[in-house]
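A.B. asks: Pasting in a structure now, in structure tokens, and then I'll have a few things to ask.
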Amino acid sequence: MFETLLVNFLFLLLPVVIFLIFFENKQYTYNKIILILLSSVTMFLCMTIPIRLDIGFIFDLRYIPFIVVALFGGYKNAFPLYLVLNIYRFYLGGEGTIQSFLFSTVIFIIVPLLSKKFSQLQSKNRIFFATFVSFFTMGFYLFILSTFFDSLTREFWILTINALTTHVGMMLIIMTLIERIIINIKNRERFFHTERLSVIGELSASVSHEIRNPLTVTNGFLQLLKSSKNLSQDEKRYVEFALQELIRAEKIVSDYLTLAKPQSKNMIYSNLEVETEYTKDLITPFANMHQVNVQYCFNNSLKINYDKNQIQQCMINLYKNAIEAMKEKGGGTLLIDISEQKQNILIKIQDTGIGMTKEEVLRLGKPYYSTKEKGTGLGMLMVYSTIDKLKGKVEVQSVKGKGTTFMITIPV
Ligand code: ADP
Ligand code: MG
């Protein structure tokens with residue numbers, strides 16, 4: 001029995017290990033399909049080589065991959081596994097086929113229902129949650145099985161203890177591994193992200209300051225030249241072009257400057273009300289121009305230390321992106337909601353614009369990533385860097401064609 005247990009453990013490890021080695025690094029869109037395929041294979045193997053107890057009973061671990069996929073992926077991803085499970089079970093045939101079909105249907109209906117709740121849990125709680133689910137599934141199974149017996153024999157109780165401990169133990173191990181992998185991936189991404197921001201911050205501070213002075217001087221001389229009377233029409237136009245390009249260069253430089261360290265003369269201790277309100281007023285004419293209706297709601301008493309210029313710039317960047325996203329759809333609603341939750345300030349900025357695909361969301365905040373003709377691709381970088389300095393986090397939910405929601409959480 002111990003050997004089959006080990007073999008089954010190996011089956012369960014299979015998707016975890018293969019995924020970790022070959023696919024974890026790549027953000028393939030078909031990662032999910034690979035995971036479902038691997039889980040199906042595991043389920044298939046678990047059913048092929050079940051665990052035989054000396055007392056004559058057999059049981060297998062097919063519900064472990066099933067529950068894991070159902071909890072992480074919901075109905076959509078659990079369905080292929082449900083199919084594989086039942087097709088193979090019908091193929092195997094024999095006693096209890098119908099019961100197995102009914103049982104798996106009940107599990108298929110109930111477990112993915114918990115998926116939403118599951119995804120909101122913290123890593124550690126997810127491990128326990130999944131373990132409980134597998135404990136109850138097995139308990140439910142054994143309970144149904146018990147109704148087929150006239151009296152519960154010693155053998156039945158041995159089976160119960162074996163099946164339950166195996167399921168709970170295996171689920172604990174597998175879930176711990178999966179959660180560890182998820183944490184590692186997240187940590188690595190965060191590391192790269194902060195690394196990128198700090199490099200940019202340092203570079204930008206030094207370079208921007210150096211470039212700003214010559215730009216201002218050039219601007220001044222060009223202005224003088226423009227007002228000169230001996231210029232031909234064409235020459236005037238060239239000067240005009242040069243000035244326009246200078247303004248653009250200055251804009252990029254000032255975007256970069258705001259990426260630099262907060263300046264002590266701008267630091268204040270407040271609840272963001274003045275800044276968010278001011279920037280909202282600032283952006284409203286721009287919103288009206290594009291048929292965007294602005295809804296503003298402020299409800300926060302928590303105070304933090306921050307650089308007011310940077311926060312203003314950050315809010316403007318977010319509002320501007322939102323409005324520009326709606327401009328292309330001919331209007332919409334921009335919802336700005338600042339609230340508090342426990343010891344966090346929550347800033348929600350929601351638009352009904354063109355939205356983004358998953359890939360586009362992943363590219364947000366990378367320097368120079370822009371889909372706009374005149375975009376600089378620095379706006380979101382600045383947003384991330386500002387929030388990062390406040391130890392906050394930015395979450396993005398977006399549906400292509402429907403709209404985008406930015407959720408910013410800043411700890412106090
Ligand atoms: P820019 O606005 O200059 O293009 P940003 O860094 O502000 O640069 O934004 C980068 C890109 O992210 C934009 O070009 C756009 O494609 C996308 N984006 C940002 N915010 C939104 C939004 N609210 N809705 C849709 N797309 C967005
Ligand atoms: Mg922008």
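Cβ atoms here come from the backbone N, Cα and C positions, even for glycine.
Pulled from TrEMBL, these are the listed features:
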- 206-412: domain 'Histidine kinase' (DOMAIN)
- 5-23: transmembrane segment (TRANSMEM)
- 29-51: transmembrane segment (TRANSMEM)
- 63-85: transmembrane segment (TRANSMEM)
- 97-115: transmembrane segment (TRANSMEM)
- 127-144: transmembrane segment (TRANSMEM)
- 156-178: transmembrane segment (TRANSMEM)
A.B. asks: Determine the mean pLDDT over the domain 'Histidine kinase' (206-412), rounding to the nearest whole number.
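C.D. replies: Reported value for the domain 'Histidine kinase' (206-412) is a mean pLDDT of 88.
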A.B. asks: Could you pull out which residues elsewhere in the chain have a CB under 8 Å from any CB of the transmembrane segment (5-23), counting only those six or more residues past its ends?
C.D. replies: 31, 34-35, 38-39, 41-42, 45-46, 49, 51, 60-61, 64-65, 166, 170, 173-174, 177-178, 181
A.B. asks: Would you kindly list the residues that approach the transmembrane segment (127-144) from elsewhere in its chain, counting only those six or more residues past its ends and only Cβ-Cβ distances under 8 Å?
C.D. replies: 63-64, 67-68, 71, 99, 103, 106-107, 111, 114, 118, 121, 159-160, 163-164, 167-168, 171-172, 175-176, 179
A.B. asks: Given a Cβ distance threshold of under 8 angstroms, which distant residues of the chain, six or more beyond its ends, lie next to the transmembrane segment (97-115)?
C.D. replies: 63, 66-67, 70-75, 78-79, 82, 85-86, 89-90, 129, 133, 137, 140-141, 144
